[in-house]
Each structure stands twice: as structure tokens, then as C-alpha cells.
């Protein structure tokens, strides 16, 4: 009996030890130099960062923090800040850690008024005890104390953080514009000692993904499929006029889905003030405009025997292929902006390769049919011509 009790106690202790080890994972297992310790910590939802803090309301609203993150590349920079004016970059009061020429790390303060970092200077939250160091694990620890007294010791604050790839001439290079970078913001609750991902950033990320998916399916898959159907199926006489209705159906569905994707992009632009992807936006506008022109041109399509039909065909083909090329180009630009995983890029490239292989096979088959048909017609014509030649006596 006593042995069973001892065994049970040992198992309980082992379970408690395992739970303790598990709890020590993530931010809870972090140890800092100079015996720095903090009352609370949170693993932030983006960029593999974490925040540690102690909030002393009685000491004039002092917030002592340690921000931990790995730069986007060796020699890069990391930053963390509070934004009393909003939940994004503009208005953030930031601590930016950069490597100095001596190899040591230094912390600069930035009052970010727009969507560029600007010059270092005083921030709205008086900062002290600033320091930074690079750990053996490649992550940078940024330390500092901010005075929140001027803000009445607010309990919930907007926090933002970021990582960059390089520092050139002492100036931090722009960070990536992928989904994780743009969504690196959250609520910091000093009273409950928790952080909560900003719901608006999740909503924007979801809309970005929807925008990308709709445009990839429409301009990047359905429209090329419709072009392939029109180019090759009409060679088969048995497929006339079915090829035309298949082509029109595919293009109309693709255009409808593309309009939805384009409208989502416009909405995203309105939601992301100060963030502009000029080339991506301009290509999108051109694709939408030319696609719309194609739809209206369908109603002006001359009959086959009309002398202007050849000019309409030239216009229709040139504009159609332009839309497809620009659409596919813009999809890859969008993937770069979103920072999608390589597997999604690979999957889309695989789809394009399948369409390309199908087009090549159909090109060979249809050209073979055309050549045979022309040879047969030529023989028929020659036979008919020889039969009407006058006989010489």
C-alpha cells in the first residue's frame, strides 16, 4: 500500500515537472542578461517575436520592456513600439535596434508620422535604460523603459513590431511587405498582462488571401483556358459552334470572378491608407479595363462574311492575349506582396505548365489537321482543274 502511494507521488511529481518544462517553453523560458526579469510575457502572433514587460502604475506609469526577435537577415534590424493614435505604423513611437559600425547594437527612438521611418528623435513616451544585444541564437533583445504618465496610465495600448533585412549607411532598409509583416500588430493589455492580435489585421489578411485567390483563378487560369478552347477546338468541324459557347462561358465566368477580385483589391486599398503597391495596382487597373472592353466588344462582333471581321479578330486576339499576359504577371507580383509560401507559387506554376503542355499538344495536333486538310483540298482542286483542261488533237 505504501509503495503504491509513493509511486503515485512520484508520478504526480513527474507530471508537474513535465508541465513546468512545457510552461517554460516560448517566452516563459527566456533568460536575460544583467539579471533582468519581467512580470509578464507574450509570444507575439507574427514574425516569431515575443514581448516581456513589467508595468508599474505607482511609479508614474513606467513600462519596462524586453522585445525579442530575429532580424529578417544577418545584419538587419528589429523594432517594437506603441501607437497611441492607431493600430498601424503611422503614429508609432518606436524603439529600433540596429548594429553599429563597432559591431555592438544600439537602440534609436523614432516618432513615425507616416509610412516612412524618418529620422531618429524624441518620442511621445519618454524612454530610458535603452540597450540591445544579439544573442547566440541570432535573435536581438531590445530593452527599455517607457513613461506612460502623459497618457494617464492607459491599460490597453496598440503595439507594433517589425524586422528588417539590412542597415545601409546607418539607415534601416525597408522591411518586407508580406502578410506577416503587415499584420505585425496587436493589443497590449497592461492590466490583464496579455496581448491580443488586432482583429482588423486578421480581417485584412483574410481579404488579401481572398483577393489573391479570386484573381489567380480568374485572370490566371480561367481566361487562359478560354483562350485555349477558342484557338484549338474551332479547328475541329464537329466542335462548331460548341467551341464558341464554351469559350464565351469560360471567359464570362473568369471575368465575373476577376471583377470580384478586382473590387476586393480596391477595398483593400481603401483599408490600407498609406500602403500603395503602385505597379501592382496599375497593372490590375489595365487588366480590368481591357477585360471589360473585351466583354463589350463581344456585342459588336461582325458576322463571318463581314469585311470588317478580320480587323475585329486582330483586335480581339491582341487584347485578349495582352490581358492574359498582364494578368499572370500581376498574379506573381501579388504573390510576392503577400509573401505566400513557396508551395502555393509552385502549385500555380504547375497549373500554368499543364495549360502550356496542353496548348503545345493541341498546337501540334491542329496544325497536323490543317496541313492534311489543305493537302486534301489542293488535290481536289488539282483534280478538278485537270478535268477541265482542253484536249489537244
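Yeah, the Cβs are placed from backbone N, Cα and C, and that goes for glycine too.
What you are looking at is a predicted structure, and each value in this text was computed from that prediction instead of being measured.
Range 283-300 is the one annotated as transmembrane segment, of 175-192, 265-282, 283-300 (source: TrEMBL). The Cβ neighbour count for residue 247 (heme b binding site), using a 10 Å radius over every protein chain in view, is 20. Residues 210-215, 217-219, 221-223, 225-227, 229-230, 233-234, 236, 284, 287-288, 291-292, 294-295, 298, 327 of the same chain lie 6+ residues outside the transmembrane segment (242-263) yet bring a C-beta within less than 8 angstroms of a C-beta in it. The list of residues near the transmembrane segment (346-370) in space but at least 6 beyond its ends in sequence, with Cβ under 8 angstroms from a Cβ of it, reads 216, 220-221, 224-225, 228, 231-232, 235-236, 328, 331, 335. Maximum intra-site Cα distance, heme b binding residues 211, 247, 280, 316: 28 Å. Taking the Cβ of residue 211 (heme b binding site) as centre and 10 Å as the limit, one finds 22 other Cβ atoms among all the protein chains shown. Across the domain 'DOMON' (47-164), the DSSP tally of helix, strand and coil residues reads 6 helix, 61 strand, 51 coil. Counting same-chain residues at least six beyond the ends of the transmembrane segment (283-300), those with a Cβ under 8 angstroms from any Cβ of the stretch are 215, 219, 223, 248, 251-252, 255, 258-259, 262, 265, 312, 315-316, 319-320, 322-323, 326-327, 329-330, 333.
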